[in-house]
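According to TrEMBL, the features are:
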- 20-39: transmembrane segment (TRANSMEM)
- 59-77: transmembrane segment (TRANSMEM)
- 89-109: transmembrane segment (TRANSMEM)
- 115-136: transmembrane segment (TRANSMEM)
- 148-170: transmembrane segment (TRANSMEM)
- 176-197: transmembrane segment (TRANSMEM)
- 229-247: transmembrane segment (TRANSMEM)
- 267-291: transmembrane segment (TRANSMEM)
- 298-317: transmembrane segment (TRANSMEM)
- 329-349: transmembrane segment (TRANSMEM)
- 361-384: transmembrane segment (TRANSMEM)
- 396-419: transmembrane segment (TRANSMEM)
Amino acid sequence: MNFKEKLSPSAQKKLSDLLFIFYAGGAALLSYSLVYALRKPFTAATFDGMELFGMDYKVATSIIQIFGYMVSKFIGIKLISELKREGRLKFILVSIGVAELSLVLFGCLPRPFNVLALFFNGLSLGCMWGVIFSFLEGRRVTDLLASLFGLSIAVSSGTAKSIGLFVVDILNVSEFWMPALIGAVALPLLAGLGYILDHLPKPTAEDKALRVERVTLDRQQRWELFRNFAPVLTLLFFANLFLTVLQDVKEDFLVKIIDVNAAGLSSWVFAKVDGVVTLIILAVFVTLALVKSHIKVLSTLLTLVIAGAVTLSFVAFNYDSLQLSPLVWLFIQSLCLYFSYLSFQTIFFDRFIACFRIRGNVGFFIAMVDSIGYTGTVLVLVFKECFNPNLDWLEFYNTMAGTVGIVCCTAFTVSLFYLMQRYRKGKRKEISEKATSCPVPSLASSY
């Protein structure tokens, strides 16, 4: 008799769930971390003294890549909503192949026009988050799987920058070939992880009963779903527009916002800060995974992101008076921003679907959020470069963070009240329908 056979049925189930969480969640986490290796290493470069059509070259690289990413997100509203399970692996393999080819072209094409290759890099990777998440959603343990998966954003952003700086500063690789070198290492590993994800077991009958079966959505179904929840979805999409802009500015220009050499910090400081933030967010998400009530999780998440938005504004608007060290400032910004951003990229919409018994999939919501958000990022960067190209990046970021905090606090507060009211209304209707469906005993029968 082996170890597993000695356990009770309930203990065996818990062990199986735990092993599946680490296996599937770990594969998803590593997968998107490697997507970052294909997408974000160039953000570690500064491209000092270079311009493209009178625009700072670093800003140009970010705008062009994010523009491709944005276009991909709009395509993803249809593609991810309608993508069937059997087409996911093929999509992943084609996407990462195009992404690496674009990085090679970025290294070998004449400068500064090689930056155009980054458009195709962004275009090829924009739907990867939704495709990978589709392997995880609609399960009893999705919260834990999504928690591990979502941490890839928090831990990989700083790690990608640190690795990029290491390759350039220590290995003396050109800033133009550094992304292709890192991508070449990541590509075969990501292909293998894609195969693992593609062979995960499908959601069980119990999963479907607890979390609602996830189905594809055609154009009419997408519109009906949005119209049914238009007030709250409009607020959430609007708030996430601001969150995404701030998140992307922080990721792409952190090396300009904080000069690690001037601050006396190691090039690995970004990875270290993101590592600590990752552990804190993981602890919160794991705790929420233990809560079975979907509405309680939704309300708790919104309450926490409201608190994070308030903190963002307070720290940003009081930066000079608080006299925080760059390390402490970075930690607070990363924690508040990543928690808010990851809540909507991972467990919020999965719980939202389960709470209101929605026929659909998380990929639709994420593609909507991201397409709107990255449009905002492109517009902000173009505006900044056209009207004030030489502004102070730290001052620019703090102004943005303060504004984003106020907008998000307002939008999320109204969303919280709406969801609670909608849930209570649905419960009252459910109780009323049950009462009317119960047969009323005849008075004559009692005589």
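In case you wondered, yes, glycine gets a Cβ from its N, Cα and C as well.
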(request) Output the single range from 59-77, 89-109, 176-197, 361-384, 396-419 maximising the number of Cβ pairs under 8 Å to the transmembrane segment (298-317). (result) 396-419
(message) I'm a bit unsure how to read this: which one of 115-136, 267-291, 329-349 has the highest number of Cβ pairs shorter than 8 Å with the transmembrane segment (89-109)?
(response) 115-136
(request) Mark yes when the transmembrane segment (148-170) and the transmembrane segment (396-419) have three or more Cβ pairs under 8 Å (sequence separation 6 or more) and no when they do not. (result) no
(message) Counting a contact as 3 or more Cβ pairs under 8 Å, with residues at least 6 apart in sequence, do the transmembrane segment (148-170) and the transmembrane segment (361-384) touch?
(response) no
(request) Can you tell me which of 20-39, 59-77, 329-349, 361-384 gets the most C-beta pairs within less than 8 Å of the transmembrane segment (176-197)? (result) 20-39
(request) Name the range, of those listed as 20-39, 115-136, 267-291, 361-384, that has the largest tally of Cβ pairs under 8 Å with the transmembrane segment (59-77). (result) 115-136
